[in-house]
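Here's the structure we're looking at; comments come further down.
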Amino acid sequence: MEEANGDNDELRKNKPLHRRIISSSSIHVLPLLLLLIISLSTTQRVSASIDESGRRVIEARSGQDLVWVVQLSDLHFSVHQPERAINFRNIIGPALSLINPSLVFITGDLTDGKSKDLLTMKQSEQEWLEYESVMQDVIKTSGLNKTLFYDLRGNHDNFGVPSLGSSVDFFSKYSINGKLGRKENVNTVTLETSERKHLFVGVDTTMSIGLRGPTNLFGHPTDELLTSLDAQLSQWDDDKPTKPVTKISFGHFPLSFSALTHSKKSLRDVFLKHSVSAYLCGHLHSRFGKNLKRLHRSGGVSLSDNDLFQLNMRRSGGDESDANCSFGASPDAEFWEWEMGDWRKNRAMRIVAIDRGHVSYLDLDFKSSESRKTIVLPTFPLDSRFMSTSLARHRYECQHMISSSYDAIRAIVFSQSLVVDVVARVYDSSPGFNNLVMEAPMRKHGSTSGASFYSLPWNYRAFEDPLPNRYWLQIEVSDVKGRSTLSELRPFSINGLSSKVSWTWNEFRVMGCQWAALYFPILWSVLCCLFLVFLVPKCIIVVFKKQYTLKKFVAKKGLFTLVLWILQDLCRLPVVWFGYVAYLFYLVFFPWFSGEVFTDSGKRTYMTIMGWVVTSSGGGERKHEYVGEPDVMVLVIPHLVFVVIPSLVIVCCLVAERELYKEHIRAVSGKKEDDHNDRGRKKRCQRRSLLFSKRRLVRKSLLLASLALYWKHFKNCWSLARAYEMNVVHFPGYSLVVPLLLLYVIFKTHKAP
C-alpha cells in the first residue's frame with residue numbers, strides 16, 4: 001500500500017494545476033484550454049487508478065489491443081565517466097517523448113560505485129545526486145508522468161550498503177522508486193486494454209546485506225520474496241469477469257546469476273508456475289555476446305538441464321514433438337529470459353510490445369544517430385529465433401488461437417518526420433535467400449503521439465511450413481525527407497516452430513551455466529584433486545613401500561609411471577610437501593583475509609570459502625552469519641585454478657628437470673662408462689656442454705613462467721587490498737604462502753647434487 005499511496009500522491013499533483021488553468025480570466029480561457037487539450041493528448045496516454053484490492057491499474061489509450069514499454073539497464077553513472085549521464089540526458093528524454101511508452105523500467109546498476117582505477121567499490125552520493133538530477137530532466141523532457149517510471153536496485157547500487165535505510169542507502173533516498181514509497185522488493189503495475197490485462201512485476205533480489213565488490217555479483221532471492229512474488233503474479237487469477245492476462249517480470253540479475261533460497265527454490269520455479277511470457281533483465285552488458293536469451297521449460301531430460309547448466313538457448317526435448325490436442329492437455333510451462341545490453345558502453349534501449357498477447361521486442365543502439373529518427377518494431381509475426389514458444393505452436397496446431405491475431409502483418413512505427421510509405425516484404429529462403437515472395441504496402445490504422453500502427457492483411461496459412469526459418473520478414477519505412485529505414489531481416493514461423501540458435505562459448509558460460517549451483521561442485525572437485533595429488537604418492541611410499549624413480553620410468557615408460565615418479569620426488573622435498581598440504585587445509589578451514597566490506601564503516605570482517613562472516617545483533621544476542629555465498633567464488637575459484645594449480649605444475653616441472661639433469665650429469669661424468677678412451681671423453685664433454693645449454697633454456701622458461709605467476713598473484717593481491725582496504729598483515733596466508741614455496745623450490749633445484 002505504500003507504493004499505491006506514493007503513486008496516488010504523484011497523480012494528484014496534476015489536478016490542482018488543471019483547476020487553476022480553467023479558473024483563469026475569460027480572456028485567456030481559449031488558448032489555455034487548447035494548450036491543456038494538446039498536453040493531455042500527447043503526454044497523458046494513460047490514466048492510473050488504485051482498485052479496491054490495492055492493485056495499480058493503468059488504462060492504456062492506444063485504441064488497440066496493443067501496449068509497449070521501454071527497458072533501460074546498467075546506466076553506471078560515474079563521477080569518473082560524466083559522458084554517460086550527459087548522453088542519457090540528451091538522448092533518452094527526446095527518445096521517450098517520441099516513443100511515448102506506457103511504462104519505463106530501469107533494471108538496475110543506476111550508478112557505478114567504483115573508483116577511477118575500478119578497484120574500490122562502494123557508494124558515492126555524488127553519483128546518486130547526478131542520477132536524481134538527470135532523471136528529473138529526462139522525465140520533464142519526455143512529458144511522461146513520473147509514476148510511469150520504475151527503477152530497480154542492481155548490485156552496483158548495493159555495494160557496501162549494510163542494510164536498507166542506512167546512511168549509505170542512497171537508492172532509497174534518490175531513486176524514483178524510493179521517492180514514490182515503493183519500498184517492497186516486489187512492485188507491480190497492470191496495463192489494461194479493452195481486451196486484455198498486462199501485468200508487470202518488478203523484483204529486487206540484491207543482497208539484504210550489501211557487500212563491496214567484487215564479492216557482490218549474484219542475486220539473492222529469499223523465501224519471503226518468492227512468496228510475495230507468487231502472490232503478486234496471481235493477483236488477477238480469480239478476477240471476474242475474466243480477461244486474458246499477459247505476465248511479464250523484470251529485474252536486474254539473469255537467472256544464471258541468481259542464488260537459491262534457503263529452501264532451495266528459485267525465481268525460475270515461480271515464473272514457470274505462473275507461465276510468465278518473459279523475464280527482462282540486465283547485469284551482463286553486451287560484451288559477452290548479442291544472443292543472451294534463454295528459453296526456460298518445466299521438466300527436464302537430465303539433472304544438468306535443470307540444476308547445473310543448459311547447453312542450448314532452447315533446451316532439447318521441447319517443441320520438436322507433435323502437439324497433444326486432447327482435452328485438458330497443454331505443453332510444458334515455459335518462459336523467455338531476455339537479457340539486454342547496457343547503457344554504460346553500448347547506449348542500449350529496448351522497446352517491448354504486447355500485441356494481442358504476442359510479446360516482441362526491439363533493441364536500439366543509440367551510438368548511431370540514425371536510431372533516433374525512425375524506429376520500426378514488427379509486432380507480428382514473431383521472430384522464430386528469440387520469441388516463439390511451444391505454447392504458440394500448441395494453440396496453432398490445436399486451433400485454440402485467436403484467428404484475428406494472425407490475419408495481418410503488424411508493426412509500430414515511431415518517427416520524427418511524417419511517414420509517407422511503409423512496405424512489408426517476405427522472402428523465401430529455400431530456393432535462395434533473396435527470393436521475394438510477397439511485397440505490399442501496409443495500411444495505417446491508428447496513431448498516438450509519435451507512434452503509428454500499420455498492418456497488412458494476408459493469407460497466413462499460405463506461409464505454414466515445417467521449416468521454422470524458411471520465411472523471412474522485413475519492413476521498410478520511408479519518410480517525407482526521403483529517408484528509408486529497414487527493420488532487421490528476421491525469420492518467422494506461423495505455425496509456431498522455433499529456429500535453432502547456438503550460443504557462443506562466452507554466451508554459454510554466462511547464460512547457460514547456473515553458477516550458484518556450480519560453485520561447490522567446482523570447489524570441492526578442485527580441492528579433492530589437489531589433496532589426491534599430495535596424499536596418493538605419499539601413501540604409496542609409506543604404506544605400500546613402492547618407489548617410483550626416473551630409472552623406473554626409463555625402464556617401463558608410461559604416463560602413470562611418469563606422474564608417480566614426479567609426485568614422489570615432490571614428496572622427497574618435505575618443506576614443499578608439508579607446506580602445500582598445510583596451505584590447502586588453511587584454505588578450507590581458516591579465513592583467507594579480513595577487510596572492510598561496507599562503505600566507510602571502519603569495521604573489518606573476514607572471508608572464508610563459505611562467504612564473509614558478518615556479525616549482527618538480534619534479541620540482545622550477537623549472531624554470526626555467512627554472507628556472499630556463492631559470490632565469493634569470484635575470488636576462491638580463480639585463486640585455486642590460476643594460482644595454486646599453476647604453481648604446483650611449475651614446482652613439479654622444476655623437480656623433474658633437476659632429476660633429469662642429475663641423471664645426464666652422471667652419464668657424461670664417466671660413472672656409467674669407461675673414461676680411459678680420449679675419444680669417448682671428448683664426446684662426453686660435447687654432450688655435457690649441449691646438455692648444460694638445454695638445461696639453461698628449460699630452467700629459464702620455468703623461471704619465466706614463475707615470474708608470470710608472481711605478477712598474476714601480485715595483481716590479485718593489489719586488487720583485493722584496494723577493494724577491501726587491506727595490507728599484507730590482513731591476508732598473509734593468501735598473499736605469501738604460494739610465492740614463498742615457489743621461491744624455495746627454485747632455490748633447492750638451482751644446483752643438482
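Backbone N, Cα and C define each Cβ position, glycine as well.
Summarising the annotation, TrEMBL assigns domain 'Calcineurin-like phosphoesterase' to 69-286. Residues or ranges marked as domain 'TMEM62 Ig-like' by TrEMBL: 371-497. Among the features that TrEMBL reports, domain 'TMEM62 C-terminal' is placed at 521-732. Taken from TrEMBL, the feature transmembrane segment covers 21-40, 518-544, 575-593, 632-656, 726-747.
Taking the domain 'TMEM62 Ig-like' (371-497) as a whole, pLDDT averages 89 in the prediction.
The transmembrane segment (726-747) makes contact with the transmembrane segment (575-593), as judged by at least three Cβ pairs under 8 Å among residues 6 or more apart in sequence. The residues of the domain 'TMEM62 Ig-like' (371-497), classed with DSSP into helix (H, G, I), strand (E, B) and coil, number 17 helix, 61 strand, 49 coil.
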